[in-house]
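Q: OK, TrEMBL features for this one:
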type	residues	note
TRANSMEM	60-78	transmembrane segment
TRANSMEM	341-363	transmembrane segment
TRANSMEM	415-434	transmembrane segment
TRANSMEM	441-461	transmembrane segment
TRANSMEM	481-503	transmembrane segment
TRANSMEM	515-537	transmembrane segment
TRANSMEM	565-586	transmembrane segment
TRANSMEM	598-622	transmembrane segment
TRANSMEM	642-668	transmembrane segment
Amino acid sequence: MISLSSSLSYASLLSALPLPELQFPHLDVSATAADIPLAEGKVRSAKKTEKMESFRNVKIWVLLIFVAFVQLGQGFYLPGSYPHKYGIGDYLNMKVNSLTSIDTEIPFSYYSLPFCPPKEGIKDSAENLGELLMGDRIENSPYRFKMYTNESDIFLCQTKPLSAEEFKLLKKRIDEMYQVNVILDNLPAIRYTKKDGFMLRWTGYPVGVKVQDAYYVFNHLKFMVLVHKYEDNVARVMGTGDAAEVIPTIGNAGSNVPGYMVVGFEVVPCSFQHNADLLKNLNMYDKYPNPINCDPGMVAMAIKENEPLAFTYEVTFVESDIKWPSRWDAYLKMEGSKVHWFSILNSLMVITFLAGIVLVIFLRTVRRDLTRYEELDKEAQAQMNEELSGWKLVVGDVFRAPTNPSLLCVMVGDGVQILGMAVVTILFAALGFMSPASRGTLITGMLFFYMILGIAAGYVAVRLWRTILGGANKGWFSVAWRVACFFPGISFLILTTLNFLLWGSMSTGAIPFSLFVVLILLWFCISVPLTLVGGFFGARAPHIEYPVRTNQIPREIPAQKYPSWLLVLGAGTLPFGTLFIELFFIMSSIWMGRDWRWWWKSFFASGSVAIYIFLYSVNYLIFDLKSLSGPVSATLYLGYSLFMVLAIMLATGTVGFLSSFWFVHYLFSSVKLD
């Protein structure tokens, strides 16, 4: 969004710049033959002048584009992140999200527990595809505040006497460490706690706490809303709810009305025992007669069967120096939200260093071998082929078609699709288009990019298929169709199985049936057609020509010292620091043992890292997630881990296969054969 003053500055800048006119000094229709030498000199001079003018014009337009981007950066907001102006006394409605727990990882609806419902009834907020898949269920709540108006001891409601089932469920949720998640102006509530002299930040607050054998509920909430004066030079945002209407403030008479933006939201939960006699004649939003002392270190409201619960709250507004673009900084500084740059850079440097050593040694060896080979005449080369062992012996078999070539093409195509989705998603996230201010955009973006990149998956798979067949188009449609159904089909099978478990638990994490229908329609109406289109282009593209011919009779493969599957599994330990040793054995097995069956090995050698990731996931479940309770939670954990591992195997396997294919093609294209 660019203001009027910015547009005027553009106009003044453009008028001040000496933009060139279209002139043609070297064209003169009245020139004669005697003027040709002089005209040629003028042409050369004019060309030099034009080059200088063109270079100067390029610099001018680069400057203009740079200024435009600077101005856009000052006035542009990402979708869903517009500031909302609240006047003094305007109502701020707090919303509630699903109850979550690190103990079970199964979300439940806020109103599944005996909390106070709003007067107008429970209403769901508009949610995107990513929020639904993540298990978020955002609903309205009875909590409401007035901008810049401090209120205390506000009575909310008194529930009915707890039934045996409600009493049992409430105790279970407290034992399972469930957290209540509330939202104000798209900001989750932050709770501060002290531990070992350090201040820790958490989102949400616990349902209750167990002290000895008694259970206590947090029934009084102390809110603090951090506000910042609205900046009139940006825009005036009008309207309520999730949607906002942005109107420029220039020339608007109402722009001087004082307003504030919400830049922080904090909560302190307390357990307070109310006087039952004082609650009898109170209505919602009435003031509790006695002052409420909110002490988070004390608990008083014990839950008992056949006894009601009373809920109250208070709110304080504090003007803060935090500006609106920086209001999410507190969430990014939470424990677990920080990026471990040192660990990441350390791992990348170690892997890059080891891979570089192996690559240099391998290339020097191959280059020296090729130099010796090319210096010999044809008779000496033939004699050398008969006497020496090594990669040159498989020159007539190295491009022999692998077993199950269609499955290999399908897995490589799906790997390209997953890898491309990851790269594009990371790029857009780094540019700020998937900020935490827009919940669900990360999952939604991943699904969108995955569907769009189906065209790349179909293209790579079909072109690889035609390359293996020597350029034939037979069966390309079947390959493209399998690419469109292989990974999504397995994913739907896993998610459907896990969804039945979530349905049985009445969790908000269960995908609704209507959303299942939407996902299937997206699959067959967008992803499948794009994959088939990519396959069509792959069928029309020229196949990759092999540099050497393949013999009709395959060369006999001698017995190997180590089984191939053992070496393939060993290659998966490369990211864990044994890159050089394992890669040496892999290359020795492929090139020094006369083994020309490299297609599947190159895929699973790099894809086998997924096995170690899955084993580590199991180890993490057994030794680190000891608090994870119930077989349903463990099954969900293993199911999602299996889904993640399958995607990692396809992506890393594709990288290994394409790298090996390029290397083999480059290596044998250097061999001179008749």
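Positions of Cβ are set from backbone N, Cα and C atoms, glycine also.
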Q: Residues of the same chain, at least six outside the transmembrane segment (415-434), with any C-beta under 8 angstroms of its C-beta?
A: 78, 441-442, 445-446, 449-450, 453-454, 456-457, 460-461, 483, 487, 647, 650-655, 657
Q: In terms of Cβ proximity under 8 Å, which residues at least six beyond the ends of the transmembrane segment (515-537) contact it?
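A: Long-range Cβ neighbours of the transmembrane segment (515-537): 129, 132-133, 413, 447, 450-452, 454-462, 476-477, 479-481, 483-485, 488, 492, 496, 499.
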Q: Could you pull out which residues elsewhere in the chain have a CB under 8 Å from any CB of the transmembrane segment (481-503), counting only those six or more residues past its ends?
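A: Same-chain contacts beyond the flanks: 106, 406, 409-411, 413-414, 417-418, 454, 457-458, 461, 509-511, 516, 519-520, 523, 527-528, 531-532, 535, 632, 635-636, 639-640, 642-643, 646-647, 650.
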